[in-house]
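The structure appears below as structure tokens.
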């Protein structure tokens, strides 16, 4: 089958002819329709320090997808051939304490589709049926293909009660922008998102952010005054992994504020802990999606009128995958979709 693989320990990604995966007793075989390029895939493409330590070669990569069930193992229940599905890319062990307690997203033995095992940038993908999520008929293939990153946004944004709150999001990548849309949809008052990429800030404006702030030109403190906020932000969603952005967030949080962190900062990031301690801030780390509460919330948010379509800015045939990666790497895009049909 046709597949995009990381063949060599160097920058790049390659179209290959890979063997069709075999279906185990508890697995689904999914014929891929659409995939989306994730920031993780860009790290793998660039072969940065994280990728060099994490990614085996050769391996089929990719983990954002939608497809159709074409075969299944003999033990599978609840699915049928023809079902349209996406899936949770974190494969969990089922026997650690967190798995047995129902906190599956905190499994300490997690492996990742397209990271530690064969991925979705291929004509066919095998995953455990447990990880598959049926897509409702009124949700498009395009939106279903980005459920994985949308889930990161939903998990982060809904970590705390947002109704009537003032929310600061640092980092206007696709996940940060989707988090802004979620926050407005569920009833936040002011949603302010910051970045230095004007293209993506404009996308955030289209998606409903109260203010999209280019911090190269404008101070958050001035935006707070302009919006009539007298006590700082109630909720912070850190999506950038940039130390200066995180410290700016801490400076502008209200006392008793809550911060959810999805962005991965450098390991040696300096933090002004006085801001955390004396303001009584709560900081929560976010990894992946809650299984499978986040997935049901994603579908319900879209069905209740949340419009994510503006975040999908480019689509390419899989044969033009290089153009898709180039566009994603340029930073002048939202989500980039590769079509396998």
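Backbone N, Cα and C define each Cβ position, glycine as well.
NAD(+) is bound by 195, 200, 262, 263, 264, 286, 287 in Swiss-Prot, and the record lists one more residue there from 175, 277, 302, which is 175. Candidate recorded positions: 40, 43, 195, 200, 287. Nearest to residue 99 (Zn(2+) 2 binding site) by Cα distance: 287. Rounded to a whole value, the Cα-Cα separation of residue 175 (NAD(+) binding site) and residue 40 (active site, charge relay system) is 12 Å.
Each of 92, 94, 95, 97, 98, 100, 104, 108, 109, 110 belongs to the same chain as 93, 96, 99, 107, is absent from that list, and has a C-beta within 8 angstroms of the C-beta centroid marking the Zn(2+) 2 site. Proximity note: of the listed binding-site residues (93, 96, 200, 262, 287), none has a CA within 10 Å of the CA of residue 40 (active site, charge relay system). Apart from the site residues 38, 63, 64, the chain places the Cβ of 35, 36, 37, 40, 41, 62, 65, 89, 114, 120, 148, 149 no farther than 8 Å from the centroid of the site's Cβ atoms, the recorded Zn(2+) 1 location. Taking the Cβ of residue 93 (Zn(2+) 2 binding site) as centre and 10 Å as the limit, one finds 14 other Cβ atoms among all the protein chains shown.
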